[in-house]
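A.B. asks: Reproduced below are the annotations present in Swiss-Prot:
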- 1-19: signal peptide (SIGNAL)
- 31-47: disulfide bond (DISULFID)
- 34-52: disulfide bond (DISULFID)
- 38-54: disulfide bond (DISULFID)
């Protein structure tokens with residue numbers, strides 16, 4: 001039973017950590033959609049290795 005509580009506790013802690021941590025700058029957005037995606041965040045669009053990167057203006 002204590003293993004079940006440990007698993008539930010780990011899942012809850014992981015969920016809280018993922019909620020608190022801000023999203024990483026590299027998003028799963030294609031380079032074609034990058035300018036529109038970054039414009040919604042009021043940031044500058046840049047493509048790195050075919051991945052969209054939003055940078056502060």
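Placement of Cβ uses the backbone N, Cα and C atoms for every residue, glycine included.
Tell me about the surroundings of these features in the structure.
C.D. replies: For residue 31 (disulfide bond), the Cβ neighbour count at a 10 Å cut-off comes to 15, with all displayed protein chains included.
DSSP assigns residue 38 (disulfide bond) to a helix in the three-state reduction. Around residue 38 (disulfide bond), the same-chain residues at least 6 positions away in sequence with a Cβ under 8 Å from its Cβ are 44, 45, 52, 54, 55.
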A.B. asks: Applying a 10 Å Cβ distance cut-off over all chains shown, what neighbour count does residue 34 (disulfide bond) have?
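C.D. replies: Result for residue 34 (disulfide bond): 19 neighbouring Cβ atoms inside 10 Å.
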